[in-house]
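Notes to accompany the following structure.
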Amino acid sequence: MAAPASVMGPLGPSALGLLLLLLVVAPPRVAALVHRQPENQGISLTGSVACGRPSMEGKILGGVPAPERKWPWQVSVHYAGLHVCGGSILNEYWVLSAAHCFHRDKNIKIYDMYVGLVNLRVAGNHTQWYEVNRVILHPTYEMYHPIGGDVALVQLKTRIVFSESVLPVCLATPEVNLTSANCWATGWGLVSKQGETSDELQEMQLPLILEPWCHLLYGHMSYIMPDMLCAGDILNAKTVCEGDSGGPLVCEFNRSWLQIGIVSWGRGCSNPLYPGVYASVSYFSKWICDNIEITPTPAQPAPALSPALGPTLSVLMAMLAGWSVL
């Protein structure tokens, strides 16, 4: 998650100026769902606690590490003991992430999920560690686009214990439009184009970008598919970065937070003119709900084991000149 220096892309100065003006003047819109329960927005996949309602209130200041309990649904996905991706808590047994985070290795025993974690080096009082029971990748993953269908459902072996630091997020679906939404991305990705990392969970406020402008920025209609959405602060050169993959993009609506996107791909942090591209949660919401409903709960649930954190974040990928997974 970085705010790199501005660069001039393939657009000319006049076209770029017009585009930036339109991005500022035109309020972004994105489809999202309003749940039918009183005073709650979005789909809740658990009945035990309210979704999207962190216990910590107040305004967040951009450019600083995220405070504890601000994003209680944040998950750290570990592969062979290292943080590689983010995710979000849906309910007591399910985590939402990106399919490409699990494509590298089909052996689910090598993956672990950490919740209630803010610092990758230090387990907090509410940090919990869970083993993976199964991973379900969307059937269209990489079918029509090199990184399309980039959604994964992760079922845990044991039940998540909710607390002020560990809570589920609400899911967005297509029934209601969010206009000029207050949206934030969170993760432990790179914090600069030089490859610097942070042990602290990072947060970044990002405006949503209308689909036509995202097509224009990427310069080719086939890059952005209907199952994707775009977000990025082009004027201030802010975007998600390598290592943020699978993490949530959430928007506030009536004091509830709806997850509208899953960090998926982009041109990398070195080129801020290209916004981050996210898997659209509203597009996949029915598939998510259907799979959670039909999948049996693991037998004999047991308490989570005590967390034992491995090395700090290690993002072992090169900055690609073209599009890349994040």
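Glycine is treated like the rest: Cβ placed from N, Cα and C.
If you look up Swiss-Prot, you'll see 1-32 marked as signal peptide.
Mean pLDDT, taken over the domain 'Peptidase S1' (60-293), works out to 87 on the 0 to 100 scale. Summarising the annotation, Swiss-Prot assigns domain 'Peptidase S1' to 60-293 and lists sequence analysis as the type of evidence.
Here Swiss-Prot flags CYS85-CYS101 (among others) as disulfide bond. In the structure as shown, the Cβ atom of CYS85 (disulfide bond) sits within 10 Å of 28 other Cβ atoms.
Cβ neighbour count for HIS100 (active site, charge relay system): 23 (other Cβ atoms within 10 Å of its Cβ, all protein chains included). Residues or ranges marked as active site, charge relay system in Swiss-Prot: HIS100 (among others).
Look at Swiss-Prot and you will find ASN125 tagged as N-linked glycosylation site, backed by sequence analysis. In the three-state DSSP classification, ASN125 (N-linked glycosylation site) falls within coil.
Sequence-distant contacts of ASP150 (active site, charge relay system), defined by Cβ-Cβ distance under 8 angstroms and a gap of at least six in the same chain, are ALA98, ALA99, HIS100, HIS138, TYR141, ILE262, SER264, TRP265, ALA279. Annotation source Swiss-Prot lists active site, charge relay system at ASP150 (among others).
Annotation source Swiss-Prot lists disulfide bond at CYS183-CYS251 (among others), citing sequence analysis. Counting every protein chain shown, 22 other Cβ atoms lie within 10 Å of the Cβ of CYS183 (disulfide bond).
Following the DSSP three-state reduction, the secondary structure of CYS230 (disulfide bond) is strand. Here the Cβ of CYS230 (disulfide bond) has 26 other Cβ atoms within 10 Å, regardless of which shown protein chain they belong to. Annotated disulfide bond per Swiss-Prot: CYS214-CYS230 (among others), in sequence order.
Annotated disulfide bond per Swiss-Prot: CYS241-CYS269 (among others), in sequence order, evidence recorded as sequence analysis. When secondary structure is read from DSSP and collapsed to three states, CYS241 (disulfide bond) falls in the coil class.
Residue density at SER245 (active site, charge relay system): 29 other Cβ atoms are found within 10 A of its Cβ, drawing on all protein chains shown. Summarising the annotation, Swiss-Prot assigns active site, charge relay system to SER245 (among others).
For CYS251 (disulfide bond), the nearest of the recorded positions by C-alpha distance turns out to be CYS230; the candidates were ASN125, CYS230, CYS241. Recorded residues CYS183 (disulfide bond) and CYS230 (disulfide bond) have their alpha carbons 12 Å apart, per Cα-Cα distance. Only CYS85, from the recorded positions CYS85, ASN125, CYS214, place their Cα within 10 Å of the Cα belonging to SER245 (active site, charge relay system).
For the pair formed by CYS241 (disulfide bond) and ASN125 (N-linked glycosylation site), distance between Cα atoms is given as 28 Å, rounded to the nearest Å.
Cα of ASN125 (N-linked glycosylation site) to Cα of CYS101 (disulfide bond): a span of 27 Å.
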